[in-house]
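Summarising the annotation, Swiss-Prot assigns active site, N6-AMP-lysine intermediate to 261. According to Swiss-Prot, the feature ATP binding site maps to 259, 266, 281, 311, 351, 428, 434, an assignment based on sequence analysis.
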C-alpha cells in the first residue's frame, strides 16, 4: 500500500472538525487499506509505532535531529531550515514547502523527463521508522539520520509533511480511539450497530491495531469470540462517584461489597507461564519498576495463567502501615531498582480477577470473581485481598468509610453484587461507585482534568506560563470541553518543570479535539492530566463543558486548585462531562435539602 494514500487522507482529515465527517472519511481510508497492513495504519493514525504496553522504544527524535535529516534529504542547510521553522512554527509544513519548491524546480528543469523515485509504501515507512526507534549503541545516531533522510528524500511534499509530523509527535489529524472504533465498525463490521462488539474486543485486548487486523481478516464473528489474553492488557473498569452513602447502596441494589480505596498505583498483573507482566492504569508496561511485585505474585498467587487487578501500595517496612502515594514516584526516578525496593517497599492489595486458566472471568458477577480470587491467593505478608465488608446498612458503610480513612486509604469503593455485575472493561458505570474523603469543600470530590492551554504569568511569575486551561473529556463526541482556568496550588518547582513540558506540547491553534471559547496565550496538545479541587461547580458563559445542557453557558469550577499530577491517567481517562454534570446536580440537591434560616 502506498504511503501517499495515508498522507492524502491525513490532509483531508486535518481540515475537518465534525466527528461524523471524520468517521466517514476514516472509514473510506480503511476500505482502501490492505488488510495485511491495517494494524500498522491504525498505529500510525494513533501517532505511534506499536502499543504502549509492549514497552518498546519510542522514536524520541528531537527537532535538531529532524532538521539534520531534512537537510541531508533536501540539501538545504540546517540554518535555513531552522529559520523557516521559526517563521512557520510547523516542521512538517517546512518539509512540505521545501519539497514542493524543489519538485516545481525539477519539473521546469527536466520537463518531467527525470526518472520518478519508487513510491514509498506503508511497509517501507513503518519498517524504517521501527529501525530508527530500536537502533542503539555506537553509530546508532548516524543510522537513524540516514534512515530518516532516506525516507524524506523519497517522499513527495505531502508525504514529507506527515512523515515529519509523525516523527515529531504532532500529527494534528484530531482522531482519538473512539473515532477509530466507529470507522472500523462501519468498514468491516457492517455498520455502527456493530460498534459495541468492536469496542468490547478492544476493551478486552487493548491493542487497536491487532483488533483492526482480526476484524479486517476474520470479520465481526471472530471478534465476538475474543477473550482476554495474558500479556495484552484489559482496559480497566471505572467507577462513578457519589457522596451520599444511602444513594450509593440504592444504586448498586441495596447490598454491596465495599473495598478500601487505596492511594497507590493501580496495577493489572498478568501471568503467562513463567512470565509476569504488570500494566499501569494507562496500560503501560511497568514490570521493570516492580520486580518485587512480580516475584510476590509468582510465589503467592496460584495458577499458570491469570489476570488479576489490585493496588500497589508503599508501606512502612517496620509497621506495615500505608505510606503516601508519592513515595512510588521514587521508584521511577531511582536508577538502582534494587536500592529502591529496599527504601520504598510495597504491598499489593488485589480486588479483582479477570481471567484464570483459559476462562474469561470478565463475564462473571463480582461475587464469583472475588470468591475465585480469594481461593488462589496464599496467606503471606506481601499480597493481600483488599480489605472489605459486605453490607446493606448505611451506618455500617459510613463506619467502614471512616475506618478506611483512619488507616490511610482515600475512601471506599462500593460495588454491586447483583447477578449482572460483570467486569465492564473500559467502561464507567454504576456497578462501582467511589466514595472519597470530603475535602471540606462544596465539591464533594476532586476531578481529573486535561490541560489544553496556558497563560503567561504576571508580576513575580512574569515570563512563565502560570495559569492553565483545563478540560473534561466528552466520550460521546470524543472531544475535550473546558471547565476552568487553574493558577493556584503549584509549587515554584512544579511550575519550572511545567515550562519544559509546555514547550513540547504547545501549538498555535487549538487541537481539533478541544472545544473552547476561551483563548489562551498558547494552545496545548491534550496530554497532561491533573487532579483539581474547587469550591463549587457553577454555570459560566466562558466554558464549554455540558454547554448544550444550559442556555446560560457551560459548567465551571470556581476557585480551582491544583492537587497533583496524574501520570497514571491518559487524557481519555479524565473526568467526563457527564460526571461533572452529575456532581453539579448533586451539589444543587444538597443546597435544596439544607433547611433555610427562619427569623424568629
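Backbone N, Cα and C atoms are what each Cβ position is placed from, and that goes for glycine too.
Feature map: Swiss-Prot annotations on the structure.
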residue : record                                  : Cβ contacts under 8 Å, 6 or more apart
259     : ATP binding site                        : 351, 386, 387, 388, 412, 413, 415
261     : active site, N6-AMP-lysine intermediate : 404, 409, 410, 411, 412, 413, 434, 435, 436
266     : ATP binding site                        : 236, 280, 281, 309, 310, 311, 312, 568
428     : ATP binding site                        : 238, 239, 240, 576, 579
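In the structure shown, across all protein chains, 311 is the one of the binding-site residues 281, 311, 434 with the greatest number of other Cβ atoms within 10 Å. Binding of ATP is attributed in the record to 259, 266, 281, 311, 351, 428, 434, and the widest Cα separation among these residues amounts to 18 Å. DSSP gives the residue listed as 'active site, N6-AMP-lysine intermediate' a strand state. DSSP assigns residue 281 (ATP binding site) to coil in the three-state reduction, placing it in neither a helix nor a strand.
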